[in-house]
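J.: Take a look at the following structure, please.
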């Protein structure tokens with residue numbers, strides 16, 4: 001496996017981890033070894049996503065870079081957004097979804113690296129997005145103070161909820177039966193069957209990262225050194241532990257046949273791996289740590305497998321019925337969003353399903369090699385100098 005983390009210093013770090021049994025044969029030694037540094041961006045990294053072959057990174061330089069983990073080479077850059085890339089999510093090995101400060105959500109073919117669809121998602125920035133395990137629905141939040149549900153099969157808005165505040169995180173549970181929306185230090189838990197808040201969790205500080213450890217247990221990190229485990233049903237804190245010396249910026253959890261592992265990255269420069277106990281009221285034990293000597297911003301774990309860590313997603317649950325009053329207001333808003341989409345060039349209006357074959361990709365949004373990108377940047381700089 002490989003720990004990957006981006007930082008303010010424009011670098012993506014890769015650390016190979018090979019668990020080895022200790023001399024007693026009972027304990028495993030987890031030792032991260034520096035494997036690569038990828039310095040492709042010209043500004044700080046803001047997002048990272050991983051599938052079975054590629055690592056993609058988003059940055060304040062408005063580009064998405066692709067790194068081939070099998071060949072250990074730069075695979076080029078995607079240049080469609082105008083604004084900081086705020087979120088990147090893979091669905092399986094076929095599709096990547098990106099969100100940015102330009103208000104767009106883009107669906108990419110993760111084999112040919114072409115933009116299949118560009119959706120005018122929010123009137124402000126897209127701050128976060130999450131894909132339902134079925135691949136049929138997605139949730140997004142933005143600076144227009146809305147929570148939006150997207151029908152990914154049709155590539156259109158399905159439901160719009162005014163949440164009256166700027167949410168900065170939204171996340172589906174592993175089975176997709178519930179989702180959470182984070183506003184500052186408040187975590188609202190929604191049930192999919194009712195599309196309403198079933199409870200609220202309050203963290204000590206502003207929440208910086210969340211990850212579901214099970215359908216009901218949520219790991220929460222904030223602008224502090226502590227990580228807390230909350231039960232989303234009882235809304236109680238099960239346990240907490242000091243993970244770092246500075247604020248925790250991002251988390252990632254995965255399971256191996258032997259362990260359930262939580263990985264944390266902090267502004268203190270450390271990436272740490274924790275072994276989770278089955279009883280989440282018990283604090284996890286440290287497996288290993290590595291110091292990058294950088295201000296970390298985002299985190300991912302690449303597992304050298306033919307398939308993703310989460311296999312056989314459940315069938316998509318249907319969104320809850322909408323009352324006539326809700327339906328009327330949502331139709332007005334979603335109609336506006338759809339009209340905005342229709343104003344875009346015709347190729348962007350093609351449908352794209354994450355669960356089936358998609359139509360022909362949009363031209364002009366294909367992969368740009370790193371060499372070509374540098375040439376473009378140089379020519380732009382020369383043009384600016386001439387104008388001056």
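Going from the start of the chain as shown, residues are counted 1 onward.
Cβ coordinates come from backbone N, Cα and C, glycine included.
TrEMBL entries are annotated by machine, without manual review.
In case it's useful when we look at the structure, here is the feature table from TrEMBL:
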type	residues	note
COMPBIAS	329-351	compositional bias 'Basic and acidic residues'
COMPBIAS	355-368	compositional bias 'Polar residues'
REGION	308-388	region 'Disordered'
REPEAT	38-70	repeat 'WD'
REPEAT	78-118	repeat 'WD'
REPEAT	119-160	repeat 'WD'
REPEAT	241-284	repeat 'WD'
J.: Are there residues at least 6 beyond the ends of the repeat 'WD' (38-70) whose Cβ is under 8 Å from a Cβ of it, and what are they?
T.: 2, 4-12, 14, 76-79, 81-90, 92-93, 96, 98, 100, 110, 113, 297-308, 367, 370, 373, 377
J.: Need one number: mean pLDDT over the repeat 'WD' (78-118).
T.: 93
J.: Which residue counts does DSSP yield for the repeat 'WD' (78-118) in the helix, strand and coil classes, in that order?
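T.: Counts, helix then strand then coil: 0 helix, 25 strand, 16 coil.
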